[in-house]
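Chemist: Okay, these came from TrEMBL:
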TRANSMEM  20-40  transmembrane segment
DOMAIN    31-443  domain 'Cation/H+ exchanger transmembrane'
TRANSMEM  52-70  transmembrane segment
TRANSMEM  82-99  transmembrane segment
TRANSMEM  111-136  transmembrane segment
TRANSMEM  176-198  transmembrane segment
TRANSMEM  218-240  transmembrane segment
TRANSMEM  260-285  transmembrane segment
TRANSMEM  305-322  transmembrane segment
TRANSMEM  342-366  transmembrane segment
TRANSMEM  386-406  transmembrane segment
TRANSMEM  418-438  transmembrane segment
Amino acid sequence: MAASSLWDELVVAASTGGSSGTVVSICVFTAVLCLCLVAGHLLEENKWVNESITALIIGCIVGALIFLLSKGRNSHILRFDEQLFFIYVLPPIIFNAGFQVKKKQFFHNFLTIMSFGVFGVFISVAIVSAGFYWLLPKVGFGKLDAVDYLALGVIFSSTDTVCTLQVISQDETPRLYSLVFGEGVVNDATSVVLFNAIKNMDITKIKSGAVLKVIGDFLYLFATSTILGATIGLFTAYVLKALYFGRHSTDREVALMALMAYLSYMLAELLSLSGILTVFFCGIVMSHYAWHNVTESSRITTRHIFATLSFIAETFIFLYVGMDALDMDKWKTTQASFKTSIGIFGVIISLILLGRAAFVFPLSILSNFMSGNSEKAPITFKHQVVIWWAGLMRGAVSIALAYNQFTFSGVTQDPVHATIITSTIVVVFFTTLVFGFLTRPMISAMLPQHRHREPAGGRSTGSNSPKDEFILPFLGDEDASGSGSGFVQAKRSISMMLERPIHTVHIYWRKFDDRFMRPIFGGPRSY
């Protein structure tokens, strides 16, 4: 009885706020995080459940228990805060994605990834926004302005590929993994940048060139954010190489890399750029140069600590979303009938399916056509289905954008806006749980297990095809000798550039990187 009474007091303290309530909330949340880790470990081999689903379900259960034990006195167990999400939780996830990415696969598929992550978002936003404008009034919900419809298009075009990436093997299907992973990161960045551009749009002064201006602003933000991230990554690499921190303390090396990564994100936000893109490319550059300038123990430490922070942040997000769903105030504020709510949900799911299919399959066909006679394997229909499926789930980015547009500090008294928030939560839960449950068996059926074979000699970063052996000699320094050979080799180089532009640019970049960049910023030579 005493234990039960003590638990009731703790629950009330956690739900009522204040300094003691904050401490209790943090304690409870940390304990539940540990529970998620244990549950995820026990369910590692489960065919249907992954860690994202586990965290979401545990968050709901714990939130419901706290709400019931507090006798409904206060439903604000943990309120979803988009600022907390974007400033503290998202950066370690995106940085680790760039730091751990297999750069060769990512940049070999760069054009396809960018077409999915950029053009695909624009296509999806156009279809979803138009669909909302046309269909929502038909289900009895049409009290929104043009900016709100465009914002909804972005909110429900933002994907969450975590569930699929936990199932796809990076070694067995490297290109498919690279496409799903790369599109997920670029999609998040594009969605956030486009969302901010729409929010700043004055709908009363739209002219014929407004769309071109939005696209121009996006391209500017994309380019400047990428340059900023690469610059900070190069600066960090140069400092580590020039000052050699490791001779005194490996702790300083690790701390400098972590702090500079976070600085890149915050600096981008300060300059009104895309922090996601900045910290992602900062992670790529740091892993390419700075990582080679630290001691062996620091290399091991950075790999594990960045991955651990990212893992905790991802678990935190799903647990946070699960617990926040029990905030009853917004459910009470909405005045939509059950029939209208079901209609809104059906419209959202239908448009997500349609908007996703509208660009994945056509852009995949275009990518296969543009690849031509190159050695790059085409995107098969089964792979296209997996890519389509991977982008059906919605996650924390969608919720954060919805809160940003339709609430003030996480609170809204507008019934229409409350309906949108609750609908977003329901969609995130449905897509994560239902589609997430089906992801592993679906991919097992679509992608029979096969082992990706490394080339002879065990070199996975070098050239793998006969055409690589053909192209490398005429890119070397030996082509200056011999009459006529330079012209023939230049002709072959142009031919290969036209046939395989991405691969040829990659080879030229490696030569430039080895000769000029690595001697200054660090890293082993490729030859």
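Note that Cβ sites are derived from N, Cα and C of the backbone, with glycine treated the same way.
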Chemist: Can you work out which residues elsewhere in the same chain, 6+ from the ends of the transmembrane segment (260-285), have a Cβ less than 8 Å from its Cβ atoms?
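Modeler: Apart from its flanks, the transmembrane segment (260-285) reaches 86-87, 90-91, 94-101, 103, 106, 185, 188-189, 192-193, 221-222, 224-226, 228-230, 232-237.
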Chemist: With an 8 Å cut-off on Cβ pairs and a sequence gap of 6 or more, do the transmembrane segment (386-406) and the transmembrane segment (176-198) reach 3 or more such pairs?
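Modeler: Contact criterion met.
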Chemist: Is the transmembrane segment (111-136) in contact with the transmembrane segment (342-366), using at least 3 Cβ pairs under 8 Å (sequence separation of 6 or more) as the test?
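Modeler: Since 3 or more Cβ pairs under 8 Å link them, the transmembrane segment (342-366) and the transmembrane segment (111-136) do come into contact.
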Chemist: State the non-local partners of the transmembrane segment (111-136) in its own chain: residues 6+ outside its ends, Cβ under 8 Å from one of its Cβ atoms.
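Modeler: The answer is 142, 144, 149-150, 152-154, 156-157, 178-179, 182-187, 189-191, 194, 215, 218, 222, 344, 347, 350-352, 354-356, 358-360, 363-364, 366-367, 370, 379, 387, 502.
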Chemist: As a test: from 218-240, 305-322, 418-438, pick the stretch that has the greatest number of Cβ pairs under 8 Å with the transmembrane segment (52-70).
Modeler: 305-322
Chemist: Should anything in the same chain at least six residues away from the transmembrane segment (418-438) have a Cβ under 8 Å from its Cβ atoms, list it; otherwise answer none.
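Modeler: For the transmembrane segment (418-438), the list is 48-50, 52-53, 56-57, 141, 152, 155-156, 160, 163, 318, 321, 324-325, 330-331, 333-336, 341, 344-345, 348-349, 352, 389, 392-396, 398-399, 402-403, 406-407, 412.
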Chemist: Determine which residues of the chain contact the transmembrane segment (305-322) at the Cβ level, with the cut-off under 8 Å and only residues 6 or more beyond its ends counted.
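Modeler: Sequence-distant neighbours of the transmembrane segment (305-322): 29, 32-33, 36-37, 40, 51-52, 55-60, 62-63, 78, 80, 85, 89-90, 92-93, 95-97, 99-100, 162, 254, 258, 395-396, 399, 425, 428, 432.
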